[in-house]
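Under the heading active site, acyl-thioester intermediate, TrEMBL lists A:Cys92. The active site, proton acceptor annotation in TrEMBL covers A:His385, A:Cys415. Taken from TrEMBL, the feature domain 'Thiolase N-terminal' applies to A:9-278. Taken from TrEMBL, the feature domain 'Thiolase C-terminal' applies to A:287-427.
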Amino acid sequence: MAATPRDAVIIGGNRIPFARAHGAYANASNQDMLTSALKGLVARFGLQGEQLGAVAAGAVLKHSKNFNLVRESALGTPLDPRTPAYDVQMACATGTEAIGSLANKIKLGQVDSAIGGGVDSISDAPIVVSDALRAILMEATRAKSTGQRLRALAKIRPGHLAPRAPGTGEPRTGLSMGEHMAITADKWGITRQEQDELAVASHRNLAAAYQDGFFDDLISPFNGLSADNNMRADSSLEKLTKLSPVFGKDLGANATMTAANSTPLTDGASAVLLGSEEWADAHDLPKLANFVDYEHSAVDFVDGAEGLLMAPTYAAARMLQRNGLTFEDFEYFEIHEAFASTVLAQMKAWESEDFCRTTLGLDRPLGSIDRSRLNVNGSSLAAGHPFAATGGRIVATLAKLLHGKPGKLGFISVCAAGGQGITAIIEGR
Amino acid sequence: MAQDTYTEFATTGVGKKLTKALGLPQPAKLRRYRPGAPLIHGPVVLIGSTEASDALARHLLSWGLDVRRHVGPKEQVAAVVAMFDAVSTPADLSETVLAVGGLLKQLKSCARVVTVFRDPAQSQLPAERAARKGVEGLTRSLAHEMRAGGTANGVMLDAGVDVAAPSAAGALRFLLSGRSAFVSGQFITVGSDHGMLPTDWEAPLQGQTAVVTGAARGIGAAIARTLHRDGAQVILVDVPAAGEQLAEVTNEVGGTALQLDITRDDAGERILQHAQQYYGRLDIVVHNAGITRDKLLANMDAARWDSVIAVNIESQLRMNRALLDSELFSRPEGRVGPRIVSLASTSGIAGNRGQSNYAASKAGVIGMVAASSAELQARHGTINAVAPGFIETEMTAKMPFATREVARRLNSLSQGGRPEDVAETVAYLASPAAAGTSGMTLRVCGQNLVGA
């Protein structure tokens, strides 16, 4: 692997349980949730009064009033108020990007300690007025006289008043993420059965991890919720088979994507503590794993040249090549389950001789991923997916899985809106 | 916590007159410990002319107290220390007892009477044992007679223990101070010369690491705060489901939070691992976590019975084994050894209708503590239990009004205790000045009539 000046150590993480939208956290704001996740992290690691190098996090959906969401959240914790904090935003890659960029700062010696993470709320989504009404209101604001102001306001028509909620549709295609994924799933011949199996495995793996106490030091409760409430420990193939498809309905009999093998809209927040080796030692903190490397990619999905959520396949190829690694070198794989078919399509692409040689420009396929190493403690289908909070969930989970396995590697893949993707490598210690 | 409106009223001017005229209970505002405040306000009268009392007087003087052998007839007195350590027959009690009695009308509010005597059980001479046992009886009776927030307690010494031994002085200081506000009619046994008096009485736990289970709320949170105030670094443990509150308390006391179900087989190991990682030491363990699942025995099911036994006592037995088998906790290393304080309950002493499971578990704690003492003492450590009586907590706030009102008045101080009162006693038992006290159960109940 590429040598770096010094290691960026993952010390641990904390997240609040993820809640299905408009449920347990219906009245909580992004700031409430991120603050709670940060407070839990501070308590777990005894960081009260500590001045950290940086706190970086973000939210995909946020109010304009939350222009300084992360700084405001950090100020609500017992961290030293002199800890700088800033917002990051890269759709569903937000959390991983925040953590990855902080790891780079640590490697370069720019900071010694940092918290990275993310938060998202569908329940507290910013609902905005229509562009037409907004134009009128801005005109009224600019008006120099009462007469001008009244004339501007007189232009308001009832139709202008309909509020607009943010959607998960792609602005350039008008298609929802699910519709995009349905096209990709069909192209790669992903079956309904394998998607449902992946969904069942996600629920069962997550439930088993809870049962083992795996999350005892990764999650702290919020608003009366102490475990992800989307999780169905009794999920079974029989139950999932009964559901009707919700995406790609125009594919007719080939429609495979249901509510169960797609992630639900979710509220939640996560945070991960990073530090240099020296900083961790000086503060008597555990060192779970190293954040080794990460990579972005973007694809041309607008013209249909590539699937919207396939970008991580490209990032993975470049990242592994740079580090001289293949899939055989990895102990665990965390592939974000935006949809079950996303994971399956990415894996098929990495197995494909043609795709890997022709499209990714590799000598040979990256290879197949052993299912027993994939999302072993569950992933987004079961836990839910509060967009920006997913990265923190995955990094902390994988770091804990690799702790006590020095040198063993973990792979992360997260797809994001806008045809982007992010992948990362974590090394146990 | 439920508001104690009666006590608030009874401590006003009108309230005092009215409750006195009607012969109603007269709860006083108790004097509680505050860092920086004097140990006790006013003269401390030392009665009993044994040689040993001179040594004890030197301790009191070193604490800056106004120590007297005699006071004028009009002078107000803050505390009386009565030495009965040399009595050999009941007739020997008379002189000292009557001298104490003569001072009772001069006592200030929240005054203290402390008797010092030797353990009756260790004498095989009928007259001597009768005399010593007599001190217990008179001390308990005096506790009932004390007024205006005053308490009476005893320090009971083992045969070989010097009257001025560190832990005897430590016990006396605790009983004189506001730390023992809700302790009355009780005896602190001093079984060895172990222990040392702190150089800084406001930070007796300086440099030590303590773990408190059930620390997210109520008495556990108060214990964490008190240990932190006394200088300890605190590891706060509670079940994962209580994590949000646990984080709040942890951040308040600058500790570390450990979300852990203490009934797990490896709970002790996890605590040790955490202590090793973050502090490199573990000095004090407070087993506070407990649950109630009340039901008359006729209606008791296995789930209710078993869960209470599992959480309240089996978990402690298992954790203690792991702790005592570890290098980290059991190695004395020239300092005072490991200290364990367990939460028992007056229900475990007197029993309580609908609480056969809870009482069994809490009586179990009392038994465990007594049986584990030798092992701890061998390492210069201690293990003790604290049995709270009626304490104003979220749990007791849920009691029906009338039941709660009666429960509050059923003790010599005519009021409920506060979580801090329990915490102060825990902190005292965990301190180096109590290293000679082990295997006992100390009640924090205001001399509750139940199970006295």
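The backbone N, Cα and C atoms fix where each Cβ goes, glycine too.
Per-residue pLDDT, averaged across the domain 'Thiolase N-terminal' (A:9-278), gives 91. Neighbour count (other Cβ atoms within 10 Å of the Cβ, all protein chains): 33 for A:Cys415 (active site, proton acceptor). Taking DSSP states H, G and I as helix and E and B as strand, the domain 'Thiolase C-terminal' (A:287-427) has 58 helix, 35 strand, 48 coil. Within 10 Å of the C-beta atom of A:His385 (active site, proton acceptor) sit 26 other C-beta atoms, taking all shown protein chains into account.
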